[in-house]
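Noted in TrEMBL for the protein shown:
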- HIS115: active site, proton acceptor (ACT_SITE)
- GLU53, ASN168, ASN224, ASP269, ASN270: Ca(2+) 1 binding site (BINDING)
- ASP54, ILE117, ASP169: Ca(2+) 2 binding site (BINDING)
- CYS42-CYS353: disulfide bond (DISULFID)
- ASN253: N-linked glycosylation site (CARBOHYD)
- ASN270: N-linked glycosylation site (CARBOHYD)
- ASN324: N-linked glycosylation site (CARBOHYD)
- 1-15: signal peptide (SIGNAL)
Amino acid sequence: MAKLIVLTLLGLGLALFRNHQFSYQTRLNAFREVEPMELPKCNLVKGIETGSEDLEILPNGLAFISSGLKYPGIMSFDPNTPGKILLMDLNEEDPTVLELEITGSKFDLSSFNPHGISTFIDEDNAMHLLVVNHPDAKSTVELFKFQEEEKSLLHLKTIRHNLLPNLNDIVAVGPEHFYATNDHYFVDPYLRSWETYLGLAWSYVVYYSPSEVRVVADRFDFANGINVSPDGKYVYISELLAHKIHVYEKHANWTLTPLKSLDFNTLVDNISVDPETGDLWVGCHPNGMKIFFYNSENPPASEVLQIQNILTEEPKVTQVYVENGTVLQGSTVASVYKGKLLVGTVFHKALYCEL
């Protein structure tokens, strides 16, 4: 009898393991392969070799790019060099990147590990750059002021909070006010890995201001990219391992109400919003297994989606660019400016295309 019970329990355990393994592979889109869809004129951006995980294009065509991310379990081609913020002027005929000098006596450049970024232009026309940073595997938000003439960033402040333990992306709604995604609930690396494997969907979104910090949305299976509509009425959140983009209505007291969700056959990462049309541009991972288990012989692909009329009953989703990893590996973000497309990656290069 005891032997039968043990065998039954072992069988149940094996069945549960296989079920979770199948679920894990499904959430990572482990078996998807892509057919390339090229654009007529694309060039790799000179000077970017170790990632361009997030980017933000100002209305005047200046683009800020975070580079050199070191993220647990993800490939890094230069793990011992600090990250940096790059500047690119998309008005130039053949734009190149410039590393921005960071000034401020209290900022530790040696541990700079930038992730998601966002900009905010205040009433005095000063440009603020908010950067998710992971110094020593922790999470902070760094506040900078962009000094255009000097081509530098003045560090103003570091923000830490117990509701900001696993930051991924950020969208500024004021000089010190933002929404941010935590892509995990647990901080401990061992528990984080089980959280991801079991699909616990415990990650969440926080609203931060100097006077108030609160969770405004939760129950995500790896909350990732976040952005707001041009009119400021809606917040868009990508749920990486559920292959969804969620639309939330934003209220005057900064709370969020879920409005709708869109499903995709890809892992949706960062979201950019065209300020003129309101279209969403999304950097995606067709096969997440290739991102989390990197193999140079079978590298991760890149995919860019455009979503038009997301607030209507029938949004239009267009596959704009797809590449199997021979040119661009692991796209995380895409943004447009005057008929040009800039695509960034988690640890690889960046691509600049004509649409």
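Keep in mind that glycine also has a Cβ here, set from the backbone N, Cα and C atoms.
Curation plays no part in TrEMBL annotations; they are all automatic predictions.
Keep in mind the model is a prediction, meaning the values are calculated, not measured.
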Filter the recorded positions CYS42, ASN253, ASN324, CYS353 down to the ones within 10 angstroms of ASP169 (Ca(2+) 2 binding site), Cα to Cα, kept in sequence order. none
Determine the most Cβ-crowded residue among the recorded positions CYS42, ILE117, CYS353, using a 10 Å radius around each Cβ and all protein chains in the structure. ILE117
What are the other residues, in sequence order, whose C-beta lies within 8 angstroms of the center of the C-beta atoms of ASP54, ILE117, ASP169 at the Ca(2+) 2 site? GLU53, LEU55, GLU56, SER66, HIS115, GLY116, SER118, VAL131, VAL132, ILE170, GLY225, ASN270, VAL333
Excluding GLU53, ASN168, ASN224, ASP269, ASN270, please set out which residues of the same chain place their CB within 8 Å of the center of the CB atoms of the Ca(2+) 1 site, keeping sequence order. ASP54, HIS115, GLY116, ASP169, GLY225, SER238, LEU240, GLY283, THR332, VAL333, VAL346
Sorted by position, what residues of the same chain at least six away from ASN324 (N-linked glycosylation site) have a C-beta under 8 A from it? GLU33, VAL34, PRO36, ALA301
Of ASN168, ASN224, ASN253, ASN270 (the recorded positions), the residue whose Cβ has the fewest other Cβ atoms within 10 Å: ASN253
Sequence-ordered, the recorded positions among CYS42, ILE117, ASN253, CYS353 whose CA is within 10 A of the CA of GLU53 (Ca(2+) 1 binding site) come to ILE117
When you put ASN168 (Ca(2+) 1 binding site) at the centre and draw a 10 Å sphere around its Cα, which of the recorded positions CYS42, ILE117, ASN253, CYS353 have their Cα inside it? ILE117
Out of ILE117, ASN253, CYS353, which of these recorded positions is nearest ASP269 (Ca(2+) 1 binding site) by C-alpha distance? ILE117
From the Cα of ASN253 (N-linked glycosylation site) across to the Cα of HIS115 (active site, proton acceptor), what is the distance in angstrom? 27
Test of understanding: give the count of other CB atoms lying within 10 angstroms of the CB of ASP269 (Ca(2+) 1 binding site). 28
